[in-house]
Amino acid sequence: MSSGDQARTTTGQAAGPDGITYLSGFGNEHSSEAVPGALPIGRNAPQRAPLGLYAEQLSGTAFTEPRAHNRRSWLYRIRPSAAHPGFVRLEGGRTNPALRTAPFTEVPDPNRLRWGAPPKAPAGTDFLDGLWTVGGNGDVTQRSGMAVHLYAATASMTDRVFSDADGELLIVPQDGGLLLHTEFGVLRADPGHCALIPRGVRFRVELLGPHAVGYVCENYGQPFTLPDLGPIGANGLANARDFLAPTAAYDDADRPVEVVNKYCGHLWAATYDHSPLDVVAWHGNLVPYVYDLRRFNVIGSISYDHPDPSIFTVLTSPSDTPGLAGVDFVVFAPRWLVGEDTFRPPYFHRNVMSEYMGLIEGAYDAKAEGFVPGGGSLHNMMSAHGPDRETFDRASAAELRPQKVDDGLAFMFETRWPVIATEQAMAAGHRQHGYDEVWQGLQRHFRN
Ligand SMILES: O=C(O)Cc1cc(O)ccc1O
Ligand SMILES: [Fe+2]
């Protein structure tokens, strides 16, 4: 699904390829029914819900949060979620020890860190088993902070469903498409898209090819929302209408399905006698969604200087302090650079925020080499970074014609707290030791 190949239907739904139909908009009140008449009209919880369904509310914010932030949906399902056996903690070979949760106890490292692409996953690895934590911050029991994970999968989840009570999952595919079968319906996420699964929503991941790799931001904090636009005006950056929610689709299956629940850092499982993806209709504003990053309306300088990358924010998870995000999701999408008398790539800086960056394809304009698709870099709070030597030399001498930057798609998870890298990330074979070298040899040019 690229920005061009979605048709609009007259109902305001967006139809993608493969016959997937979506609902468009961000934060709006959607409604969808897979069977006509499944959605009650005029009330949420009639004495008997239509078609013998069970009514159930799923909340993403406290009932009492301001209306503008409040998120909840009503689900009309074949069986209520409460009808499940007890969860048993997964241990030993049945759990995924590479999937870690905050608080992280490793020593925070002030060094600039970078990794190449991780190794391919062994055969039979599904999305959940293929999650591997790079690092994170905060405390999941306080609903603050975030974690950065990679995933590498070679198998679809079939009779296995995942739900993450610890936070919402922002999935950024790098290679290989995904079909996300959720309680709300099906989303397709290809490289170049991001997809979001709200806290606690059950889903399974089907691979569209032999393997799939990508990045995940697990956000323990307030749900991601669109940034305010301030003087930019009423439009721009990620436009609300380009966020696509699924239409209702249900799995009416009475067969054993393992439901794995990530709960305060531990994986727990229960085998249900039916699929919990059995929602026939739903309405509300707490939804999974997919967004094509190439639709991002990039705004930048048309006079001079390189603007701060906050102008590239797709989604932000606010914290208690206005303007200070728990985590921002930022994309470096194709754009023109026209700044006069300007060093055009990212400048040298030391940032109070911490920056994990990944590359979906191509190259990134601050790094001549070494920052590769599927790899990542971590420039933690106050660490000095910016253009590598080669980029600095080239950009300082470049003729400043209008220049299209369209040879790559990079992103950043930027967080207010230092990202503590896990022991496995520090010891990983794909870690690039010697990253400091890229800033060596920057010559002294001072003349007095
Ligand atoms: O470090 C980076 O490459 C990310 C980044 C990009 C940019 O354009 C300005 C500041 C910044 O941290
Ligand atoms: Fe930076």
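Every residue, even glycine, has its Cβ placed from backbone N, Cα and C.
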> For which of the residue intervals 1-28, 85-112 does TrEMBL record region 'Disordered'?
Replying inline: 1-28
> Along the domain 'Homogentisate 1,2-dioxygenase C-terminal' (294-446), what average pLDDT does this model show?
Replying inline: 96
> In sequence order, which same-chain residues at least six apart have a C-beta under 8 angstroms from H306 (active site, proton acceptor)?
Replying inline: G339, T342, F343, R344, P345, P346, Y347
